[in-house]
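A short write-up of the structure that comes next.
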Amino acid sequence: MVLLKFHGGCQQIGMSCVEVETQKGRVLLDCGMSPDTGEIPKVDDKAVDAVIVSHAHLDHCGAIPFYKFKKIYCTHPTADLMFITWRDTLNLTKAYKEEDIQHAMENIECLNYYEERQITENIKFKFYNAGHILGSASIYLEVDGKKILYTGDINEGVSRTLLPADTDIDEIDVLIIESTYGSPLDIKPARKTLERQLIEEISETIENGGKVIIPVFAIGRAQEILLIINNYIRSGKLRDVPIYTDGSLIHATAVYMSYINWLNPKIKNMVENRINPFGEIKKADESLVFNKEPCIIVSTSGMVQGGPVLKYLKLLKDPKNKLILTGYQAEGTLGRELEEGAKEIQPFKNKIPIRGKVVKIEFSAHGDYNSLVRYIKKIPKPEKAIVMHGERYQSLSFAMTIWKTLKIPTFVPVRGTILPI
């Protein structure tokens, strides 16, 4: 019998970790850290044959250096991006040591999409494209004859940087699926609409002589935003002003350029036509950022919780300047305070009065509710489904949707749940 043990990522976003246990072997699907609290799953690394990583975001891979795993499987881009995620975590929190990162990197084995790997005599797996960030994968396992699809984070729609998630997948017994936007209330505007809103907000500020600060996540969101802005500048629909970048997004964007064959083919075509899709990456020079000329500043971190973006927030003293939030802002973060209309913030010693405009235009690398519904209709019908990686309301809502749509048993585990399959 195969057991699924849920160590995290249940009725929450963060700390994703599922253990697949058999009598002859066991593997972990992701081993993430909570972005809010730094909490990690409690697992026995000595008993685990391997960790299979879906992608390089902190909530899916951040806990790996805490442990001494024998083997870590991921795609080639994910290995490079995980190094950036781990080094960022080390710099910000001192959660682990450089030697821990080195140990993890030395035990990574990289695979391409669709390439099969046997881990133990009764466990083999392969990766499908998940469409979430560069190198992101859904994990397809065959364990004691059972076929399990762990989606990781998926986006069934096309983005500027990536092709959509694969849906032409082998037969499935058990589906383990994310539910970030699992509620019928989680229907997002079309990507073109969001892009127009972003450019209109930037244009308004630039034309008034102001500066635009855009906090981003280093991997995925940063590249999408840079691609959009540079595309509109090239087309003449946005004034050509300096774009300054700061933080680990500079290294992450270099990784994106290194793996151009893993991206949307349109990006490869741009490069072959001598166009830099992400624009010239200029490290922010504070003497230029804080002068009187209009500019755009794209910097980590996405939730304004640490990172170099904090030093640019004093620009919001000036009503001409603007902050554009492009993603989810967790409870307790400075980003959430700003989103909720804080009139004053204190990222450092001195308080900063907020006179500039703060707007939110959410660009998500996750599929919205409609996208998730399309996904479950396109893939082979599983015998049962398990819903995780979503807040309680979203997970329970999407479990109900799966039941109504596919008429199959659907589970919403909590941390510590053990399910026999």
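Just so it is clear, glycine is given a Cβ too, placed from its N, Cα and C backbone atoms.
Of the residues proposed, ASP36, ASP80, ASP144, ASP153, the one Swiss-Prot records at the same Zn(2+) 1 site as HIS55, HIS57, HIS132 is ASP153. Neighbours of ASP153 (Zn(2+) 1 binding site), defined as other CB atoms within 10 A of its CB across all chains, total 28.
When the alpha carbons of ASP59 (Zn(2+) 2 binding site) and ASP153 (Zn(2+) 1 binding site) are compared, the span between them is 11 angstrom.
A Cβ within 8 Å of the Cβ centre of HIS55, HIS57, HIS132, ASP153, the residues given for Zn(2+) 1, is found for these other residues of the same chain: SER54, ALA56, HIS60, ALA130, ILE133, SER136, GLY152, GLY220, ALA365.
Rounded to a whole number, the distance between the Cα atoms of HIS389 (Zn(2+) 2 binding site) and HIS55 (Zn(2+) 1 binding site) is 14 Å. Take the mean position of the Cβ atoms of ASP59, HIS60, ASP153, HIS389, the recorded Zn(2+) 2 site; other residues of that chain with a Cβ within 8 Å of it are GLY9, ILE13, GLY14, SER16, ASP30, GLY32, SER54, HIS55, HIS57, GLY152, GLU178. Close to HIS132 (Zn(2+) 1 binding site) in the fold, though at least 6 residues off in sequence, lie HIS55, GLY152, ASP153, ILE154, ASN155, LEU162, ALA165, GLY220, ALA365, HIS366, each with a CB less than 8 Å from its CB. According to DSSP, HIS389 (Zn(2+) 2 binding site) sits in a coil region rather than a helix or strand.
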